[in-house]
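Participant: Take this structure, written in structure tokens, and hold onto it; I'll ask about it next.
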Amino acid sequence: ELRLSNGTGPCSGRVEVKHEEQWGTVCDGDWTIEDAEVVCKQLRCGSAVQALNRAPFGEGSGPTWLYRVDCRGDESILWNCSHTGWGSFTCPHYFDTGVICSGFSELRLTGGDTACSGHLEVKQEETWAAVCFSQIDFKTASVLCNELECGQAVEVLRGTDFGDRHELIWQEEFHCVGNETHLAHCPRKLHRSKTCSHYAAVVCSGKTL
């Protein structure tokens, strides 16, 4: 078993693996984006955004189960990558590894007048999740419009009332600086209120030639 702990959601945090009924950590000898990619894929969390070392999500506890993990990036599970053996090396927990995954595989604007406007939705595994108005700001919209090749952000609007719809709601707020190339690369934190009153609607200027 595999999980990410102490992050903003299920798709970021300290890498922890369960072996012999006990949870432990992964030591950061040569921890790379290819290793993180396997973790994200195994957890169905989209693609890897960052591979982090030196306990970025705090120090874990228990054994350090894996050390010097070396993945190509196409393995289906982390322990199929080459490593030095389960629990072969006791590593201090300040070397625990962390991963930030995108958490989604696609994004789109739907229901707008043009292909470059509408409600923001992100794809989590096989389902689309709505993003709330309170989860994004103008800088985030700028990154989004750029990623969708839709020119500049024009405005972020309070979209239609969410009402009693039982759709999946994206669980994190985006806090983009504005110069990121992909929405997945923006800092995120857990959405404070689990409720959503309005969809986020974004209007981009349209295709840039």
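Just so you know, glycine gets a Cβ as well, placed from its N, Cα and C.
All TrEMBL annotations are machine predictions without curation.
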Participant: Among Cys81, Cys91, Cys101, which cysteine is annotated in TrEMBL as forming a disulphide with Cys40?
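Facilitator: The record-listed partner cysteine is Cys101.
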Participant: Which cysteine out of Cys71, Cys81, Cys186, Cys196 is the one TrEMBL pairs with Cys132 in a disulfide?
Facilitator: Cys196
Participant: Between Cys81, Cys91, Cys116, work out which one TrEMBL annotates as bonded to Cys27 by a disulfide.
Facilitator: Cys91
Participant: The disulfide recorded in TrEMBL for Cys81 goes to which of Cys71, Cys116?
Facilitator: Cys71
Participant: Counting distance between Cα atoms, which of the disulfide-bonded residues Cys91, Cys101, Cys176, Cys186, Cys196 is nearest Cys71 (disulfide bond)?
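Facilitator: That would be Cys101, nearest by Cα distance.
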Participant: Give the residue from the disulfide-bonded residues Cys27, Cys132, Cys176, Cys196 that has the most other Cβ atoms within 10 Å of its Cβ, counting over every protein chain displayed.
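Facilitator: The most densely surrounded of these disulfide-bonded residues is Cys27.
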Participant: Rounded to the nearest Å, what's the C-alpha distance separating Cys186 (disulfide bond) and Cys132 (disulfide bond)? Just drop the number here, would you?
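Facilitator: Cys186 (disulfide bond) to Cys132 (disulfide bond), Cα-Cα distance: 16 Å.
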Participant: Count the Cβ atoms, other than its own, that fall within 10 Å of the Cβ of Cys40 (disulfide bond), considering every protein chain shown.
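Facilitator: For Cys40 (disulfide bond), the 10 Å Cβ neighbour count is 23.
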Participant: Quick one: of the disulfide-bonded residues Cys27, Cys91, Cys101, Cys176, which has its CA closest to the CA of Cys132 (disulfide bond)?
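Facilitator: Sorting the disulfide-bonded residues by distance from Cys132 (disulfide bond), the top entry is Cys176.
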